[in-house]
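Chemist: Per TrEMBL, the feature transmembrane segment maps to 12-37, 69-89, 101-124, 136-156, 177-200, 220-243, 286-306, 327-352, 381-400. As annotated by TrEMBL, region 'Disordered' applies to 411-460.
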Amino acid sequence: MEKRLVPWIKGIAAAVAAMLIYAVPLGLMTALVLLVAAMEEGSNVLSAQTVPLSKAVILLSEGVGFQGGSIVMGVTPLLLTILLIALIRTVCTKTSTDPRAFVSGAVVWLLLQHVLMSGLHVRLEDSTGVVMGKALLIYTLGYLLAAVPHMPLLGVTKNYIRRYASAPVRHSIRVGVRTALILLAGVALVGLGTVIVWITLGHHQMSAWFDALHMQTGSRVLMCIIGLAWLPNVCLWAISWLFGAGFSIGEAANYTLWSSTTQDLPPLPLFALFPQAIDHDALRTAVMLIPLGLGIAVGLSMLFARSGFHIRLKQDSLDMRSLLMDFAYPAGAFCISAAVLSIVNAIVFPLANGSLGSHRLAHVGVDVRQATNAVARPCSIGLFIAWGAVLVITAVVFTVRWGMARHAADSHSSSAKPLGEDQVIEKPESTHRVVNSTPQKEKQGDDEPTATTGLGVRIP
């Protein structure tokens, strides 16, 4: 009986431990921010808001926006969300990945959400059902990341695929998914690099905003640390901007490569880092070609690498059918890559959006359709440009080798052509001569002669 209860107890412990490990540091950070702000303002009122504000921030990291007076915060800090999911995964891995542990843990997690919703001094943007649904989704993602590698269903699925899919097909699927992940990682690095450039170019303007708001050194440092929670959001906005889709801060500001317009932005110093338009056409074209170049580079590496398709034109093989099959599998893999790119971008970009108000600032972020097209389309085109270029070059080499082989075969056949009827091969005439020898006295130094048949060659 006790063994049956162990998974249920472990699930409860996992949910409580994950919430404590996540909430305590976040609450301490919130208390520090409010303490510094109270010291600079000379007031003790802000310190009383530590617990309610910490609860609101935890809910915000789960995708639940809130409104307090004239302040609306509906942009999810994705870095906190990622850390929360990773924390749940780690705790579930250390405790139990049993389905019963998930059920008990999910129930306790929802009860903890109800505790977080009570005693708030702000109004939540979502209803209770939506809040519970988002919280359950976060916990489920963390649990699945821990449980899927150990699920028996995963082994059954692998065996089924091995049974009904050939080895080249399985390899093509793996390479296609791997190619998409490499491209996504490259795009993410480009976005992070763009944000670093923004910070380098705009930190003077950000410092001027700090001076205008009369913020002291402590508040400035804490503001920058808090801003890191939205770093993934800003990276996604930077990717959209760099590849031509742009982003907006409601109706107050719009940023693209061609123009940068601002009007009555909220007094948030982080907004000072956002970029200006690029005036040089050549530079603007170059940055927009980055995803295309990434696609070409990754596509070529996957075509020639040993971990990819390792395409080679063998010296002793001129089989057209095998050559076509060598390029059919990469084409299918790149189609899978294009699909994965489109799906992931269509899921990720909406997560970076949100709201900072109800009217002019109701929509903050990117246009999902335009941003997805700006990233997925050129990367996919780059993959197929690489595939087509290698196919053309290989076809040319194949044609040249085939022509040389045919020319060599024709030359060999002409040199071995059979003789005609009018061609006669002259042979030297040979006469048979019989040499009769009669017995003679034996002489010293002479051999005994014999009767032989010769070929007409006289012996001197």
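From the backbone N, Cα and C atoms, a Cβ is placed for every residue, glycine too.
Curation plays no part in TrEMBL annotations; they are all automatic predictions.
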Chemist: Tell me if the transmembrane segment (101-124) touches the transmembrane segment (12-37). I count contact as 3 or more CB pairs below 8 A, with pairs 6 or more residues apart.
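Modeler: Judged by the Cβ rule, the two regions touch, with the required three close pairs present.
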Chemist: State the non-local partners of the transmembrane segment (286-306) in its own chain: residues 6+ outside its ends, Cβ under 8 Å from one of its Cβ atoms.
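Modeler: For the transmembrane segment (286-306), the far contacts come to 175, 178-179, 182-183, 186-187, 190, 242-244, 257, 278, 330, 333-334, 374-375, 378-387, 390.
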Chemist: At a C-beta cut-off of under 8 Å, are there same-chain residues at least 6 beyond the transmembrane segment (177-200) that contact it? List them, or none.
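Modeler: Beyond its ends, the transmembrane segment (177-200) has Cβ neighbours at 231, 234-236, 238-239, 241-242, 273-275, 290-291, 294-295, 298-299, 302, 333-334, 336-338, 340-341, 344, 375, 379, 383.
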